[in-house]
Amino acid sequence: MEGSEPGRGGLRRFTWEEIGQRNGRGPAPQERWLVIDRKVYDISRFCRRHPGGSRVISHYAGQDATDPFIAFHLDKTLVRKYMSPLLIGELAPDQPSFEPSKNKKLVEDFRELRVTVEKMGLLQPNHAFFILYLCHILVLDVAAWLVIWYFGASLVSFLFSAVLLGTVQAQAGWLQHDFGHLSVFSKSRWNHWVHKFVIGHLKGAPASWWNHLHFQHHAKPNCFRKDPDVNMHPLFFALGKTLSVELGVQKKKFMPYNHQHKYFFIIGPPALVPLYFQWYIFYFAVQRKQWV
């Protein structure tokens with residue numbers, strides 16, 4: 001903080017070099033700062049109490065978090081009240097609004113696109129659609145069980161019910177996705193309630209488990225070591241240059257990675273859903289006491 005100077009209202013002014021060092025690693029591993037609308041916030045302690053999870057907000061430590069802040073929060077006025085005690089300063093006037101390493105044109109294009117989408121009303125949900133969506137899932141679910149009950153457990157009735165239940169699971173997966181994103185109702189609480197019912201009682205997984213993984217995915221999509229969706233175990237797969245180089249330095253080689261695009265479809269899907277997802281769901285439920 002040696003190079004910072006008081007600005008308007010007594011707020012200290014910081015450079016991106018100072019902010020970038022407070023990323024949870026490096027010279028100040030315990031400090032985490034981020035920037036929202038040119039204001040600098042110290043989230044070092046708050047990140048543990050962050051309602052969306054510590055990892056989601058910590059992924060932006062040392063960076064500008066304006067766009068994810070807008071995307072993740074419905075009631076921004078309420079959230080800003082909780083942010084007030086975390087405010088420690090602002091960017092110096094000669095500093096850009098986001099990290100110098102970012103593509104300025106790309107950021108500006110994205111923000112222009114977001115404003116255009118909002119003006120077109122594309123983010124306004126059709127509540128009738130989602131009600132019918134949920135109803136048709138419940139009807140198919142009941143129909144699958146009625147087929148077995150009425151026709152008995154024959155091969156034909158079993159296969160027909162399997163088709164119905166498979167459709168239900170696929171449809172419920174996308175329905176819980178929209179409620180999990182809090183994108184249907186104007187109140188977050190209502191979205192959470194329906195989300196817990198759909199993913200918890202129709203699909204058998206904790207809502208908080210999905211939020212824990214998926215929010216990180218959207219906070220840092222396809223960023224290795226930050227997006228859980230691209231975390232690959234090196235026993236089978238090596239993703240991108242980063243992991244490949246690390247394995248090379250450590251002299252570790254488990255599989256013929258130059259052929260992983262060929263054997264992914266044999267190992268990937270069976271290992272992902274029946275093994276990893278099922279194991280991790282039970283582990284998460286027990287660890288977090290998500291008994292319901």
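In case you wondered, yes, glycine gets a Cβ from its N, Cα and C as well.
The region 'Disordered' annotation in TrEMBL covers 1-27. Per TrEMBL, domain 'Cytochrome b5 heme-binding' is recorded for 11-92. The annotation transmembrane segment is assigned in TrEMBL to 129-151, 157-175, 263-286.
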Statement: Residues outside the transmembrane segment (157-175) whose C-beta sits under 8 Å from one of its C-beta atoms, at least 6 past its ends, are 130, 133-134, 136-137, 140-141, 143-145, 147-148, 151, 198-199, 202-203
Message: From the DSSP assignment alone, can you count helix, strand and coil residues within the domain 'Cytochrome b5 heme-binding' (11-92)?
response: 32 helix, 19 strand, 31 coil
Query: What residues in the same chain, six or more past the boundaries of the transmembrane segment (129-151), come closer than 8 Å to it by Cβ-Cβ distance?
result: 157-158, 160-161, 164-165, 167-168, 171-172, 175, 178, 184, 194, 198, 202
